[in-house]
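J.: As annotated by Swiss-Prot, phosphothreonine applies to THR34. Residues or ranges marked as domain 'Nop' in Swiss-Prot: 282-400. Swiss-Prot lists 414-427 with the feature compositional bias 'Basic and acidic residues'. The SUMO cross-link annotation in Swiss-Prot covers LYS467, LYS498 and rests on similarity to another entry. The SUMO1 cross-link annotation in Swiss-Prot covers LYS467. As annotated by Swiss-Prot, compositional bias 'Acidic residues' applies to 469-482. Annotation source Swiss-Prot lists compositional bias 'Basic residues' at 486-496, 518-530.
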Amino acid sequence: MLVLFETSVGYAIFKVLNEKKLQEVDSLWKEFETPEKANKIVKLKHFEKFQDTAEALAAFTALMEGKINKQLKKVLKKIVKEAHEPLAVADAKLGGVIKEKLNLSCIHSPVVNELMRGIRSQMDGLIPGVEPREMAAMCLGLAHSLSRYRLKFSADKVDTMIVQAISLLDDLDKELNNYIMRCREWYGWHFPELGKIISDNLTYCKCLQKVGDRKNYASAKLSELLPEEVEAEVKAAAEISMGTEVSEEDICNILHLCTQVIEISEYRTQLYEYLQNRMMAIAPNVTVMVGELVGARLIAHAGSLLNLAKHAASTVQILGAEKALFRALKSRRDTPKYGLIYHASLVGQTSPKHKGKISRMLAAKTVLAIRYDAFGEDSSSAMGVENRAKLEARLRTLEDRGIRKISGTGKALAKTEKYEHKSEVKTYDPSGDSTLPTCSKKRKIEQVDKEDEITEKKAKKAKIKVKVEEEEEEEKVAEEEETSVKKKKKKGKKKHIKEEPLSEEEPCTSTAIASPEKKKKKKKKRDNED
């Protein structure tokens, strides 16, 4: 049986001399305690040495992926096929590939693993012609090269640095806000007017660090930090400040907090520049499309640039809005149109009605840029610049769609109404004051004429009745002299007679005119009786 043993120096093929001892797996390690004992079990048949580390790296990457290298294929065809013996391999996947392509019987078992372990322990004595120093140097170089290959390592392409940098940048922003708020509240007890005069946080902390107590503002020179007008205003406010007095220990603690704020803000600017440079080195096209901050947040959200490249455009569009997405799906409402990509400059400068369209188009182009940066060999940002120019042109067409110029026959079709200045004097309509519902019905001309005739007839009848009533009243007045009881009854009848024509007929003007005449006649009769 032959044994294929891979080393960092080259391929070694051993011949098993005593196969009976392989049956005792538990005691096989005793046979490899010394080089002499090991030479009695296995013997080197062929050794194929690598020329350099690059060749060794290519061979081992092929073995890791379960593939056969060209160099290994030549060795197996030359040595193993001629021997017509089974081949022991350390990897079952590699054995399957060898059997498929070269038609060689391969063995992989716990016995083979124990045999490989014994050969590895006595490798210096079993492989002559290779110095231990050379073996150690090749092992170290191959280990570094293999690690770089497996981790996709590159000095310029480390997306882990971007993930950590953007996370630290967000943490620094939160800490700075907390520290600045605490500093303003703390020093506000001593000099509250300063917070209203100086709005910039960093300038505020620098002024505190330079002056300290409120009494020192009169003699302090703040021309390096503030304009002349603001400096004069600060000094004037310090003289008439309504703040309380504080001790020197309080001022020392406030100043120490100010130094912390200044140092953190300076480190934040340095970290932001580092992030910009790292993004331009790793993902230049993504940086051009969405900016360094949004691009870094997308990479951090996905975990790495390779993971982000595996996402679809629709996923990248709503990346960062997972809570809103699942909430919308649960409540069966409209899903969100954008996530982290909303903070890109192209989406921000768009009108609200076009934000959804632009975010969808930007996500599609950003995915192309991500995949180009992740898998492309070229590190230029030409593709990103070209796609951004297309998106900006598309954005201009969307914004100017309603303001297009009319040319040709369109001018004749587009009729514009003439402008007329209406300066008519309007009167107040009191009919709108009533809250009662009014329903105005139009009447026909014939009906109006008939109604006029009826009213005229009623008026004539009313005049005749008034004359009759006057005559009857005269007779009744004469009868009133006999008895007072009869007079009262007659008076009741008079009232009854007066009310009947009013209830039956329409209101007329003649009755209203006749009533004062009746009263005069009654008075005359009463005077005559007396």
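Glycine is no exception: its Cβ is also placed from the backbone N, Cα and C atoms.
Note that the coordinates shown come from a computational prediction; the quantities given were computed from them, not determined experimentally.
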J.: Please give the average pLDDT for the domain 'Nop' (282-400) in this predicted model.
T.: 90
J.: Helix, strand or coil by DSSP: which one applies to THR34 (phosphothreonine)?
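T.: In the DSSP reduction, THR34 (phosphothreonine) maps to coil.
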J.: Mind checking how the domain 'Nop' (282-400) divides into helix, strand and coil residues in DSSP?
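T.: Split into helix, strand and coil, the domain 'Nop' (282-400) gives 89 helix, 0 strand, 30 coil.
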